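Participant: I am attaching a structure below and will ask some questions about it afterwards.
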Amino acid sequence: FMDKIIESYHGHKPTDKHLSSMDYNQLDCPPFPADEDKMINSTRIRVARNLADYPLGTAVTRSQRKEIETLVVSALNEFKGELKGKYFSLETMTDADKKQLIADHFLFKGGDKYLESAGLERDWPEARGIFHNDAKTFLVWVNEEDQLRIISMQKGSDIHAVFKRLSVAASKIEEKAKFANDEHFGYISTCPTNMGTGLRASVHINLPKLMNNKALHQSIADKYHVQIRGIH
């Protein structure tokens, strides 16, 4: 059943093996020409990850969810240099921290009816939280839809720098917390749409004239297999 869903969405057949690399040295991404670069406000890349030694969030127990948080936070607390930052527990964060995280568009919230129906918001907000580095160019969501959402972002169009930060951080986390991976499915995620690399890359881009023709805008997105999403 799952194979049929995955083949329909991704074109990945039941006999296919998933191949991907998180090695930033293999990323061939030359700078954009100046006339294109000026249109890009920011670049963001995230990956969804779950831990190999635990069930997915739909089946994880309360104690296991706490163990996941403890394990991941211990890895995050070892970050140095540009990755060094602070973890904010949803249970214990101050009102001031909450307001700032909302202002930064970093905070994830409960109350999603689809996540609730799948059992992903049990014991909310226990053992959930957000880490961000001091520069606010790197985030980790803990125990939301997936056990980890690892996010790298910055102003401008430097895709290589954004991916390198993500790659380095994910590798450091995995030194303590092995990610669930399968040779057929790739990285295991809660939703089949995130199977494979579990990666989504996006740019916040200025296209004021194109936005005046939404039908054309959507047809171009469909042609290149990209999605038009919100600004946050």
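These residue numbers are counts, starting from 1, taken along the chain as shown.
For all residues, glycine too, the Cβ spot is worked out from N, Cα and C.
I grabbed these lines from TrEMBL:
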type: BINDING; residues: SER42, THR43, ARG44, ILE45, ARG46, HIS105, ARG149, ARG200, ALA201, SER202, VAL203, HIS204; note: ATP binding site
type: DOMAIN; residues: 39-232; note: domain 'Phosphagen kinase C-terminal'
Participant: Drop a 10 Å sphere on every Cβ of the binding-site residues ARG44, ARG149 and tell me which sphere holds the fewest other Cβ atoms.
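Facilitator: So among ARG44, ARG149, the binding-site residues given, the one with the fewest Cβ atoms within 10 Å is ARG44.
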Participant: List the residues of the same chain that sit at least 6 positions away from ALA201 (ATP binding site) in sequence and have their Cβ under 8 Å from its Cβ, in sequence order, or write 'none'.
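Facilitator: When sequence neighbours closer than 6 are ignored, ALA201 (ATP binding site) has THR43, ARG44, ILE45, ILE159, PHE163 within Cβ distance under 8 Å.
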Participant: Who sits close to VAL203 (ATP binding site): which same-chain residues at least 6 apart have their Cβ under 8 Å from its Cβ?
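Facilitator: Once residues fewer than 6 apart are set aside, VAL203 (ATP binding site) is near ILE40, ASN41, SER42, THR43, ARG44, SER157.
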Participant: Restricting to the chain of ARG46 (ATP binding site) and a gap of 6 or more, list residues whose Cβ falls under 8 Å of its Cβ, or answer none.
Facilitator: ARG149, ILE150, ILE151, SER152, LEU166, LEU199, ARG200
Participant: The record lists SER42, THR43, ARG44, ILE45, ARG46, HIS105, ARG149, ARG200, ALA201, SER202, VAL203, HIS204 as binding ATP. What's the largest Cα to Cα distance among them, in Å, rounded to a whole number?
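Facilitator: Greatest Cα separation within the listed binding residues comes to 19 Å.
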Participant: Count the other Cβ atoms sitting within 10 Å of the Cβ of SER42 (ATP binding site), across every protein chain shown.
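Facilitator: SER42 (ATP binding site): 15 neighbouring Cβ atoms within 10 Å.
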